[in-house]
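**Student:** Supplied in structure tokens, the structure appears directly below.
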Amino acid sequence: MGISNFASICSRTPLPLCSVIKSTTHLVLSNSTKIHDFDPQHLNIGILPKCYARSIDIANTTIFGIGNAFINIAALGVILIILYNIRQKYTAIGRSEYLYFFQLTLLLIIFTLIVNCGVSPPGSNSFPYFVAVQIGLAGACCWTLLINGFLGFNLWEDGTTKSMLLVRGFSLCGFMANFLASILTFRTWIENHEIPNTNTTALFVVVYLWNLINLFIFVICQLFVSFFIVRNLWVTGAVLLGVFFFVAGQILTYGFSSQICEGVKHYLDGLFFGSICNIFTLMMVYKTWDITTDDDLEFSVSIDKNGDVLYN
């Protein structure tokens with residue numbers, strides 16, 4: 001797979017960004033026939049996947065990827081529960097930082113629903129911008145995790161204005177880097193749909209390689225904290241389980257999406273199972289933080305009937 005061309009990725013996986021980039025490498029027809037070195041100049045479409053989940057019509061409204069939509073709606077509920085639990089741990093280390101991270105993931109899931117389900121349909125003028133925002137939010141989450149990974153080393157005081165400025169500053173940098181890489185890549189599509197090919201080198205490096213490095217550093221930091229600081233193998237298990245779900249999700253999404261789609265007769269695709277794995281990955285991120293901060297409460301905290309916080 002060349003990083004300057006998403007043809008091999010988009011032919012297997014119906015990613016939203018595939019609708020706003022082009023490739024002269026191949027075209028996959030409805031009968032799965034591949035045409036190499038074709039001229040897509042007059043086609044007002046992006047790179048077509050070999051197989052994708054079928055859409056449904058409800059009240060004259062077309063909804064794409066209904067199975068994946070249900071998973072993402074369920075993910076919203078999971079994230080809301082996680083946010084509630086984080087808010088209940090009043091004195092936990094990194095409470096504000098992880099609260100901010102999961103708020104970002106909540107926003108990311110909302111934009112994922114917008115681009116995956118056809119709220120902003122492919123081919124519309126707004127679609128490239130929504131896709132760029134979604135990619136930008138994914139980058140912001142990765143950059144936020146990078147900073148949160150260092151909280152266990154007590155390099156700075158958590159929850160302070162300085163700490164939150166650092167976290168929000170890095171998340172903003174991550175958002176801008178991924179958003180600009182995306183929107184500049186999509187610019188030729190926005191200006192002229194008849195372009196023959198899209199150079200995606202910068203998009204691949206920023207969105208895939210750079211964010212992967214950030215996640216790798218976060219995992220290494222968490223493993224170091226679990227082994228040498230908290231010395232709790234339950235933390236190690238949560239980290240490794242999160243890595244397992246993340247890797248499994250990427251493999252199912254990018255490696256076996258077409259096989260899954262054909263096997264279940266177009267009712268589901270790899271994005272469905274990838275989204276499930278992403279939910280479990282986020283749950284393990286929360287659980288890792290939850291276990292490492294389990295003993296932070298040195299006194300009991302309760303809320304009276306007036307909503308005031310009581311410290312005992």
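Glycine is no exception: its Cβ is also placed from the backbone N, Cα and C atoms.
Note that the structure is predicted; figures quoted are calculated from it, not measured.
Pulled these features from Swiss-Prot for this protein:
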| type | residues | note |
| --- | --- | --- |
| TRANSMEM | 63-83 | transmembrane segment |
| TRANSMEM | 99-119 | transmembrane segment |
| TRANSMEM | 127-147 | transmembrane segment |
| TRANSMEM | 164-184 | transmembrane segment |
| TRANSMEM | 201-221 | transmembrane segment |
| TRANSMEM | 233-253 | transmembrane segment |
| TRANSMEM | 266-286 | transmembrane segment |
**Student:** Which one of these stretches, 99-119, 201-221, 233-253, 266-286, has the most C-beta pairs shorter than 8 Å to the transmembrane segment (127-147)?
**Tutor:** 99-119
**Student:** Flag the pair the transmembrane segment (201-221) / the transmembrane segment (266-286) as in contact if three or more Cβ pairs fall under 8 Å (sequence separation 6 or more).
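**Tutor:** They are not in contact.
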**Student:** What else in the chain is close to the transmembrane segment (266-286), if you only count residues 6 or more beyond its ends and a Cβ gap under 8 Å?
**Tutor:** 12-14, 51-54, 65, 67-68, 71-72, 74-75, 78-79, 82, 85-86, 98, 101-102, 105, 116, 145, 238-239, 241-242, 245-246, 248-250, 252-258, 260
**Student:** If we skip the immediate neighbours and take only residues 6+ beyond the ends of the transmembrane segment (63-83), which ones have a Cβ under 8 Å from one of its Cβ atoms?
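**Tutor:** For the transmembrane segment (63-83), the nonlocal Cβ contacts are 14, 52-53, 55-57, 99, 102-103, 105-106, 109-110, 112-113, 116-118, 121, 267-269, 271-272, 275-276, 278-279, 282-283, 286.
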